[in-house]
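Notes follow the structure.
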């Protein structure tokens, strides 16, 4: 195997280790914060942290279990019996099991001098599922936790060291999850264009810079009006859920479980853009962007008209220039990325494809695993080229 290929396998393995470590670090930070709140007598804050953790974990395990059940029989080879897997997910360990499975397969492939096509394809299959689950966990748990911690800090006027650790890990974790998801989608393209260093930095930064004003707007509103933030979230979330439903998503294996996906996507859309349907992607992205921007402006107007000071005595005017600066810089980087660095490709129909595996056989005569869930999303995320061949690799 060429050194470049072995280097790519090692890079994927290292990124897998870092992703798993980041998940455990984020989990530990949240539990640490909950314990500190409880020890300080702030039981409501501790309960909110644990509730967000619990709800996100249950959703994550449901996704993982439903996907395992939908995968073709024999795809995962030697794995624990279904009852053991069900117990792992019931104990909220299904995601970690998948992480261990991915790392083990990645290490196996890297150690082989000439890994088989099946082993390489199976490693990609596992990594794609992990990337999607990580994205779900990020917006179901990390983004709400970040908003909660910021609201607590702004309301109390003081920041503990564990809160600063949580804020830093949350912002980096969210941006990294979006970058990893985008990188994973690129592996589903026919030409498999890699996300270069420059493209990665720009994609990471514009997500971070656009996320900060949104989280700050909601956190400041929560600090000023803690009794109304749940109503605000529910109202917007229902509108976004209706929008997702109208787009006719078909990501999950059956119609009943599709609602779990729609509920999750609506939560993601509350914080950031997420494409779920083919067609006028740019138009839908602009509509969503204008919707979130209008909502954030309304939140800012609410601060200004009701109070110019936070309960902690911090003037709100200090935060507005920071949020505006991040917003315009993030918007500029986003335009740069989508104008010059976003790839397009030609998707050729594959009517003979069965769920979870390519219909074409490898030279050895067995089917190569293909993660159709992520391939389906990639077909929606990336524009189609006008010519018959994939466009030149960008970034």
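Note: Cβ is positioned from N, Cα and C throughout, glycine not excepted.
Per Swiss-Prot, the feature topological domain 'Cytoplasmic' maps to 1-12 (among others).
According to Swiss-Prot, the feature transmembrane segment maps to 13-33 (among others).
Sequence annotations record features per position, and here Swiss-Prot assigns topological domain 'Extracellular' to 34-47 (among others) based on sequence analysis. Per-residue pLDDT, averaged across the topological domain 'Extracellular' (34-47), gives 93.
Under the heading transmembrane segment, Swiss-Prot lists 48-68 (among others).
The topological domain 'Cytoplasmic' annotation in Swiss-Prot covers 69-158 (among others).
Per Swiss-Prot, the feature transmembrane segment maps to 159-179 (among others); the stated evidence is sequence analysis.
Look at Swiss-Prot and you will find 180-200 (among others) tagged as topological domain 'Extracellular', backed by sequence analysis.
The transmembrane segment annotation in Swiss-Prot covers 201-221 (among others) and is backed by sequence analysis. Under 8 Å from some Cβ of the transmembrane segment (201-221) lie the Cβ atoms of residues 143, 146-148, 150-151, 154, 171, 174-176, 178-179, 182, 195, 228-229, 232-233, 271-272, 292, 295-296, 299-300, 302-303, 310, 316, 319, 322-324, 326-327, 329-331, 333-334, 336-337, 341, all in the same chain and six or more residues away from its ends.
Sequence-distant contacts of the transmembrane segment (224-244) (same chain, at least 6 residues past either end, Cβ-Cβ under 8 Å): 151, 155, 218, 262-263, 265-267, 269-270, 276, 295, 299, 302-303, 306-307, 310-311. For 224-244 (among others), the entry in Swiss-Prot reads transmembrane segment, with the evidence type sequence analysis.
Feature annotation from Swiss-Prot assigns topological domain 'Extracellular' to 245-259 (among others). With a threshold of 8 Å between CB atoms, the same-chain residues lying at least 6 positions outside the topological domain 'Extracellular' (245-259) that come near it are 62, 66-67, 69-70, 265, 276-277, 355, 373, 376-377.
Within the same chain, residues 59, 62-63, 66, 135-136, 139-140, 143, 178, 207, 210-211, 214-215, 233, 236-237, 240-241, 243-245, 247-249, 251-252, 284-285, 288-289, 377, 380-381 sit at least 6 positions outside the transmembrane segment (260-277) and bring their C-beta atoms closer than 8 Å to a C-beta of that stretch. What Swiss-Prot lists as transmembrane segment is 260-277 (among others).
Positions annotated as topological domain 'Cytoplasmic' by Swiss-Prot, on the basis of sequence analysis: 278-284 (among others).
Cβ atoms under 8 Å from those of the transmembrane segment (285-305) belong to residues 213-214, 217-218, 220-221, 224-225, 232, 236, 269, 273, 275, 316, 320 of the same chain, restricted to positions at least 6 beyond its ends. According to Swiss-Prot, the feature transmembrane segment maps to 285-305 (among others), an assignment based on sequence analysis.
The topological domain 'Extracellular' annotation in Swiss-Prot covers 306-312 (among others).
Per Swiss-Prot, transmembrane segment is recorded for 313-333 (among others), and the stated evidence type is sequence analysis.
What Swiss-Prot lists as topological domain 'Cytoplasmic' is 334-395 (among others).
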Beyond the flanks of the transmembrane segment (13-33) by at least 6 residues, Cβ under 8 Å: 49, 52-53, 95-96, 99, 102-103, 106-107, 110, 127, 130, 134, 137, 141-142, 145, 149, 162-163, 165-166, 169-170, 172-173, 176, 180
Cβ neighbour count within 10 Å of residue 375 (phosphothreonine): 18
Summary of DSSP states over the topological domain 'Extracellular' (34-47), given as helix, strand and coil counts: 11 helix, 0 strand, 3 coil
